[in-house]
Amino acid sequence: MKIEFTKGHGTHNDFVLVADPKDELDLDGDLVRRLTSRRGGVGADGVIRLTSTASIAGAGDAIGDEILAEDPAAIWFMDYRNADGSIAEMCGNGVRVFAAFAEKLGYVSFAADGGRGQDASRDGFALGTRAGVKRVRKEPNGWYAVDMGPWFLPGGDEARTAGYDAGVVVRGWTTPRPGLSVDLGNPHTVVALPSADELERLDLTDAPEVVPTPPHGTNVELVVPLGDERAPGGEPAGRICMRVHERGVGETQSCGTGACAAALAVRAWQGNAAPDTWFVEVPGGEVRVRALSDGHVELAGPAELVFTGSLEV
Ligand SMILES: N[C@@H](CCC[C@H](N)C(=O)O)C(=O)O
């Protein structure tokens, strides 16, 4: 069988994108690992399959019905898989790259005059994910901004007061450091470090050890606050840098949900005077995170489609 694919990335968090509008592709773990292999395949941190929400509902997948009940406009579904073949609930960079892919395929248009496909210029492009419907709009600079929905500090009030609810050990550390869990639809644990030098020197070859062990694993973000500034709109903003070890992948150049988690954790640590807008520097570039007044969080950043090809599998 021949698979036609597009390679894309969001701040160098890279994906193999496959259009499967009729839900015909059996994307099992083996196929995902073949596609993502950096030696034997295309190479990527994950696979994104674009399929129709109605098709997966018709095939008996309950998530399809839930998405259509939440928003019947969410006719396309992002089926995201980590490089190791595991399924993850959400991928923030992936949503932006999915939007660019759907735009290229003519399934959606962000142009004010409509253009081809669904017109997303007014309410945003509604797309289905395992973490619910996400809305994407396109900014004048070409960045995609995603309403990532509600976020939580699952440790509750105790964790919020203490500022942590987990102990994290990175390779080379002799004692655990405090980490804060943040739920973006997928799990994250954020640890603050005192300097960018220390961040740069970290050895993230192995998955950090997190105690207590999160039931479904966790992505781990190591973060350094860099200070305050003004966003281009004039509002106060914070800046942080981070590295991330992703569940099911390893260290990546960027993680959209991870950037949200890192910004929201630092915002929580700073208390009431903390800004809502954050610029997050990652090894692969920069994204913007905004805590919205309705309890949602927005992620904005670039999305690039770099080449297309086909693979015999
Ligand atoms: N890189 C993604 C997150 C992908 C899923 C993650 N590895 C998990 O298992 O939760 C992002 O941009 O959010």
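Glycine residues also receive a Cβ, built from the backbone N, Cα and C atoms like all the rest.
Residues N13, N82, G92, N93, N219, E246, R247, G256, T257 are given by TrEMBL as substrate binders; from N186, N272, that same site also lists N186.
In sequence order, A88, M90, C91, G94, V244, V249, T252, C255, G258 are the residues of the same chain, not among N13, N82, G92, N93, N186, N219, E246, R247, G256, T257, whose CB sits within 8 A of the CB centroid for the substrate site. C91 (active site) has a Cβ environment of 30 other Cβ atoms inside 10 Å. According to DSSP, C255 (active site, proton acceptor) sits in a coil region rather than a helix or strand. Considering only the recorded positions C91, G92, N186, E246, the residues lying within 10 A of C255 (active site, proton acceptor) on a C-alpha to C-alpha basis are C91, G92, E246.
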